[in-house]
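> My questions will all concern the structure given below.
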């Protein structure tokens, strides 16, 4: 296509002035300039396109300020209520001390005329009522109603898209969706609303639509990098951990790719190689082999980052994604420098990106526990860690460290002896407090990580622990802590903690810290409700000691724990035998270990008894009588003689329901036949024995007739009501002290009942379906109890909020619902909490119902 003289003059003017324009391309107007060029210079000039990048910066800052102001308001009101409550507690203690001093003075001055008034005042003492830290500034009605309205909308989860029982598509929370929708609408309108979208000719300049989208895409880069870093300024301002900001990082990348495509497409709709574009382009870019080469070089790594981050692709090869993600991101930013060529304000945003990246990595160095010289024990070598295998294939890693943390935070753990390059996050389940010192010394605290192995690093930890045994220690490199709650549980009058399975790891430290603050008078909390849903009863052994401390240390009538067992516990029967017995090889090894340990213990105890008696024969006989049954060995014939193992007898502890009635009839017929033949010898140990002792459940007494009827020989009536047969003592190498046991009362039932609750054995599918939708059992005023079946948590929470005689439940003015469990649990409880927000508008006695959810995979 021939070039007109006017176009040629514009090209010559542009080439002459290119060296003087520095940071921007500008085709100056002349008296002979065509109308299209005049429009390009006046309607939406290229030199002013930097305002679009500035617009996105303002948009992000507004969101950041709004969230930060909300957090500051919550922190201020929470601290204010706690400070007021602490002051009231101190005043109460002073009044009690003053009254005690006056009473003592009155007793010492009996001769005075006012002694009677001192000891027997005519008017009763004025009662002291704690206001629990309520004031005008700590509870603003319009703010509470506004927050309740937002929570009523945004607490509701978005349903997942499933096909044949598998999740095809999952969505973030409504709050995240709302922010992303607003951001998408903003950039879309900001690109397409201003006119024109294209110039009359490509020779007059790049399409305005492409310039707007390109500047917006470049301006998003610093925000995307900031949202991805573990130590970042956004988390410090908003209190939102980087694990929750990751969803904005991922969707921000998708939005950046969308803008990059909008930036690219106009150059193909109005290509450079038409309408005299090549003359202008090659006059400005003389050494460019391909017109769009730099743009495509940036688009390829950006597309790879976005496509590889799709959930189904990321889960298929996560390790590969994690290894490639950062190098490809660095490549993308470097290519942006080449592509933008310092035009307009593009390099300013890229410099900000590099600065944020470097600053965040520098701050991250302070979170590396092994890079702090003042911690000499961990300097460059890490901390020492021990691995313990627990019930239900659970793993506990204990790391004595000088690092400090808050309840609910998590750390990244690296163990080079297990995996050099893997760095896995784990929630800290222990409390960092002077009340829980480590055996390493007063300067150390035991950082406890409890988790269940699935695959990858966690599976390697399990295999290594099995291979090397419990006595081996490992070097552990900790990074953190990160995350944690935005609010303090101590600022709420009522705290309800829901845990599903291993989700209890995020709750134990919160519970311990809350009870400690309640005892110190620093918590407004009056009521704590703990609901733990687990598959098997043995899971309670994970935190046996922590639960004991909570029960013994909590103020009276403040903590109520309810445990629900949902899984089946049936041993499959094998053909040819009546039950599953212990393996001979393993039992032979256990027998030898038991004999060895018991022999050492008995000799040691004998020496201690002689020392304690100090030559007194009567005292020595008394001590030996007390210690007679303390340590015994197991009979060897139990392990070496072949025998048939009969089914486990019905225990008197409340059993789970039965799976099928047919199996019940068969088992009852087998037992009756064996009783008649006189060869019913149940010998299998109870797999729940340790946990039942921990719960302290007392079985109902069995009558003398029942014992005689159940006895195979008819003369064993003195065996008591715990079991119809004599049980073997527990092996010495697994025996535990009874000092750590606590008693958790069960429900009050008739002493003559058999605790079967209508189901004599484990639950079947029909019974489990019934219990899945059953309402929760009525709440007790106090105490801990264990129940079988899957509870209806939503109805249970509603009953806590609206139950009772007055229809207001036991919710305080401010209630916190803490949930850590599988997605189904979080969805059910989040929906109910959203519905309960309506109570804030119609009930003046309630100010706030706050929801905090955790993903138990962390």
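Glycine residues also receive a Cβ, built from the backbone N, Cα and C atoms like all the rest.
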> Need the matching range: TrEMBL marks transmembrane segment on one of 168-189, 388-409, 410-431, and I'd like to know which.
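My reading of TrEMBL: the transmembrane segment range is 168-189.
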> According to TrEMBL, which of these ranges is transmembrane segment: 111-129, 130-148, 149-167, 320-338?
320-338
> Counting only CB pairs under 8 A, let me know which of 56-76, 251-269, 289-313, 320-338, 495-515 has the most with the transmembrane segment (344-366).
320-338
> Counting CB pairs under 8 Å, which listed stretch among 56-76, 289-313, 320-338, 495-515 touches the transmembrane segment (168-189) the most?
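Most contacts with the transmembrane segment (168-189): 56-76.
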> When you scan the chain for residues with a C-beta under 8 Å from the transmembrane segment (209-230), skipping those not six or more beyond its ends, what do you find?
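46, 49-50, 52-57, 60, 187, 190-192, 194, 197-198, 242, 245-246, 248-249, 252-253, 255-256, 259-260, 262-267, 329, 333, 336, 340, 344-346, 349-350, 352-353, 356-357, 360-361, 364, 367, 479, 482.
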> Do we see three or more Cβ pairs under 8 Å linking the transmembrane segment (251-269) and the transmembrane segment (289-313), pairs being at least 6 apart in sequence?
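With 3 or more qualifying Cβ pairs, these stretches touch.
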> Below 8 Å between Cβ atoms, which of the listed ranges 56-76, 289-313, 495-515 makes the most pairs with the transmembrane segment (320-338)?
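It is 289-313 that shares the most Cβ pairs under 8 Å with the transmembrane segment (320-338).
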> Looking only at the domain 'FAD-binding FR-type' (373-488), what is the model's average confidence as pLDDT?
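The average pLDDT of the model in the domain 'FAD-binding FR-type' (373-488) works out to 91.
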